[in-house]
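Worksheet: the structure to be examined is printed underneath.
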Amino acid sequence: MACAAVMIPGLLRCSVGAICTEAASLRLTLSTLRHLTLTSIMKSKRKTDHMERTASVLRREIVSAAKVCGAASESPSVKSLRLLVADQDFSFKAGQWVDFFIPGVSVVGGFSICSSPRLLEQERVIELAVKYTNHPPALWVHNTCTLDSEVAVRVGGEFFFDPQPADASRNLVLIAGGVGINPLLSILRHAADLLREQANKRNGYEIGTIKLFYSAKSTSELLFKKNILDLVNEFPEKIACSSHVTKQTTQINAELKPYITGRITEKEIRDHISKETLFYICGPPPMTDFFSKQLENNHVPKEHICFEKWW
């Protein structure tokens, strides 16, 4: 897809010190939040609307005001946002998404969080990455949203990784297709935070190895390449990544070439099956259906297979 007409080059980061002083001004009144939520739900007519698809999915009660404090172009079709979240009680688990309420837009967006819970704890910031489509919330993000734009967010989702200190150590295999990388990047970043805790010899969850399989049409649509490679280089004994492109038409640059192959194969996934491994899959429905079925056929317990489809 073509990129949006207006993009903000480079990530514009908000300062940590500004968070506390600005938080009060970001809060919406309860009546405003209620009106925003109910109006958006009632006016949404799409059969494939986020609110309809996720109507039975658990959500937190907190609807928090948030302000856009940073934006960047992650690919020709994906724009990332940093949101300063006002409510101090707002929290999420790695892998979850937010209902995204936009003043003046009747349709509620649904976007996976791609940052780690630690970033929210430290800076009161969450990060989203939104693909350009004709869906009203995505159009707003790409064409209308600016720094200091105000929205409201609420956490939901049953696809997450939230181990407790006493839990048994697990390996993770993350399988991402396209923008399905978003919740898996949140999980990967959370895993890296857990590894840093281990390195500092703190008490906490002892995570095993993490393998990311990431597929996109071309290298230009492989999001967060530098972030992912930085984590691989920081934890070479623990984190590994293989990237896959299915419709590449240009030459792959030298830095990425060692990490790039064709489509993800069943054998590659099968080689990582063990009783200590959890599988997280996020991508287009045909992809998630294929890999979850293949894992079941290879006798991976259903409770070890977590998947989420993006539309």
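Numbering starts at 1 and runs along the chain as displayed.
Note that Cβ sites are derived from N, Cα and C of the backbone, with glycine treated the same way.
On a predicted model such as this, the values are computed, not experimentally measured, just so you know.
Annotation source Swiss-Prot lists signal peptide at 1-17.
Across the domain 'FAD-binding FR-type' (50-186), DSSP assigns 28 helix, 54 strand, 55 coil. Per Swiss-Prot, the feature domain 'FAD-binding FR-type' maps to 50-186; the stated evidence is sequence analysis.
Counting Cβ atoms from all protein chains shown, Val179 (NAD(+) binding site) has 24 others lying within 10 Å of its own Cβ. Per Swiss-Prot, NAD(+) binding site is recorded for Gly178, Val179, Gly180, Ile181, Asn182, Pro183.
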Which residue, of the binding-site residues Gly178, Gly180, Pro183, has its CB surrounded by the fewest other CB atoms within 10 A? Gly178
